[in-house]
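The feature active site, O-(3'-phospho-DNA)-tyrosine intermediate is assigned by TrEMBL to A:Tyr642. Summarising the annotation, TrEMBL assigns coiled coil to A:229-256, A:563-630. Under the heading compositional bias 'Acidic residues', TrEMBL lists A:711-726. For A:279-656, the entry in TrEMBL reads domain 'DNA topoisomerase I eukaryotic-type'. Annotated region 'Disordered' per TrEMBL: A:1-118, A:698-726, in sequence order.
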Amino acid sequence: MSKTSSSKTPQTNGKSDSKKPSVKKEKTESTPSTKNIKSEPKSQSTPQSTKNGHSNKLKTPKNEPIVKTDAKTDSKKKVKEEANTPVKQEPTKNGKKRSAADLSQTESPKKRKKKEEEEEVWRWWEEKKYADGRKWTTLEHKGPLFEPGYVPLPDDIHFFYNGQRVKLSVEAEEVMTFYAKMLDHEYTQKDVFNTNFFNDWRKFMKESERTLIKDLKKCDFTKVAEYFKQKTEERKAMSKEEKKKLKEEAAEVKKLYGFCIWDRHKQPIGNYKIEPPGLFRGRGEHPKMGMVKKRINPEDVIINCGKDSQVPEPPAGHKWKEVRHDNMVAWLASWTENVQGNTKYVMLNAASRVKGERDWQKYEKARKLHRCIDKIRNNYMEDWKSKEMKVRQRAVAIYFIDKLALRAGNEKDEDEADTVGCCSLRIEHVKLHKDVEGVGEHVVEFDFLGKDSIRYQNKVAVEKQVYKNLVLFMENKNPEDELFDRLNTTILNSYLNECMDGLSAKVFRTYNASRTLQEQLDQMTKKKDSANDLILTYNRANRAVAILCNHQRAVPKTFAKSMENMQKKIQDKKDVIAEAESELKKAKTDLKNLKSVAAKKKYETAENKLKKLVESLKKLEIQVTDKEENKDIALGTSKLNYLDPRISIAWCKKHNVPIEKIYSKTQRDKFRWAIDMATAEYHFYNYEGEIVLRDLSHLDGMDGGNTTQEGDPDETQEPDDDEDED
DNA sequence: CGGACAACTTAGGAAGTCCCCC
DNA sequence: GGGGGACTTCCTAAGTTGTCCG
């Protein structure tokens, strides 16, 4: 309620230059484990340029070709080399460490071109990070891209009210088109959506329009809707050339607006386009769905760029709300969105340094958790018996987060969809069962809406002590009361932070997700599997993670039909096999009778044919199972956000699977750092001796590893000090 | 401490593109 | 060679986390 009130003060002005790029503290070399085989430059903490970090080396950085690893020339040479040397020795085997130039000499022109493109890549992972929390030293960009303004409807397209043609004022008309465009969307069937829309729409009407238009039910948008449908049809029907031209134009615009110069390197921007106006589409039962999301003008936008760089030019006749130079943040532009009052940011693309570095760090943090996970688990099990209610609740909550990969669960406002995470679970979301067939004793049944109003349903057997605690927490409470009434995410996270520097609830999700992938791959990959089987194995492992994290998707609309098709194919195949079988039989008898070379050959051919057919049937059947199991599970989310890419890459290298089979182009760009540095030997957590694999058989959530710890964590690879901010 | 808020990560659906089969 | 399903990318909503302030 409170935070959303539109009266949010633009308090940004006050502190204008914000948190000043002060050098917080010179972090001393943190202690990488002594036995690291290779060490990462990342562990260095000195800023790239100069000690005090204020040298704005360049005035107006131009699109200069990307500086490749300038490691050698850096002033911090000594430290750097120390860090770099070990890197060198090992990865040479993956070839990429050699400068692209060396390689290209021996390659075909086509390949060379590819290599040259690659050369544009900023190999930031071979450089040092800023240690002072600074994000950049110089930053230049063109500002965000605005949509063209509203183009009124042509004169022959009409909106009707109560059967009557009504010509609306431009403002009211524009908002009307937002609704018309969504006419055949489910949203327009919802009361909340309609009410919110209608209320907001009326604010854009002239007085006369307002007196006329009083009932949404009497509004007829169909002609307008048809008009827009027709337009999309037209767009679809465009000739190849026209489409190509449009694409090229868009590419031109992207060239200009889609990149910035970040510390002298050209870096891709993620969302350089300002969000167009429209109707707010919340997920689930969002109280604000249907409200009008206003058009953003330059006057609403704050620009962030380097002090000495060229300030982006606002569109003609406009000016920016503010221009600031805050190098402690990563955004290039920001504005406040009117529906929820949130700040929106223009930030860099996932393939950029600033995002990549954080991503890498995230996984290092998760790996670090592995080193103290036993201790943490022992602690929370101990705390299940604590005299203090708060401690018990905290312990059970962490157990859920660890075992079930639940999110932290912040409190939410009245004017947001009612969803929960761990800390905000209510009595109504859990049921206790003494015994559930097929699950076990002391079963907790979860049923709640999580992020994006995605339902989480799970029945899990828990330790007796946990069960007892839950009974206790639920005593004398109403369904709408909080399960963990003494707990919130702040308490939880500050405790976790005490356990391990930088630890917070979400790290468990990353950790358990990546660990699961690693284990599943270790466990399921067969040495002699075919390429296809390998991919299948990978997807299986990926799926285990997606299930753990409850990453769902809507069942594709075409699912049933394409399933049917596949079944038919299988049947056909079976028929063919039957045929081949009888052929074989015949060939066999022929062979017996004739004993000729030709007959023998015929027999062998028939045999081979059958064999192939059976194989392909098997393949089809696997595919069907795969498809069925996958219909409502989204693999992409975990792949992109939770799985240490080095696990996948190492696996690819080890089993000779082309990385393209696993990662799309964009994903490869995002994970370039990992592709470059992970060798076949990389392992998410190293171990000595045998590892005990966790039982994931039920795959309905995971079975926390508290009963099964593997031998010994033992960082041997990335030393990494994971020195995040502190 | 609790609330507000800034900054960032994670999320699923829609739109767009690709590609495979008929 | 074109229709449609699968895969990819885009879009922006919805989370988490840490900090600041009273």
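Just so it is clear, glycine is given a Cβ too, placed from its N, Cα and C backbone atoms.
On a predicted model such as this, the values are computed, not experimentally measured, just so you know.
How about a rundown of where these features are and what they're close to?
DSSP classifies A:Tyr642 (active site, O-(3'-phospho-DNA)-tyrosine intermediate) as coil under the three-state reduction. Around A:Tyr642 (active site, O-(3'-phospho-DNA)-tyrosine intermediate), taking its Cβ as the centre, 25 other Cβ atoms fall within 10 Å, counting all chains.
Under 8 Å from some Cβ of the coiled coil (A:229-256) lie the Cβ atoms of residues 142, 145, 272, all in the same chain and six or more residues away from its ends.
Per-residue confidence over the domain 'DNA topoisomerase I eukaryotic-type' (A:279-656) averages out at a pLDDT of 89.
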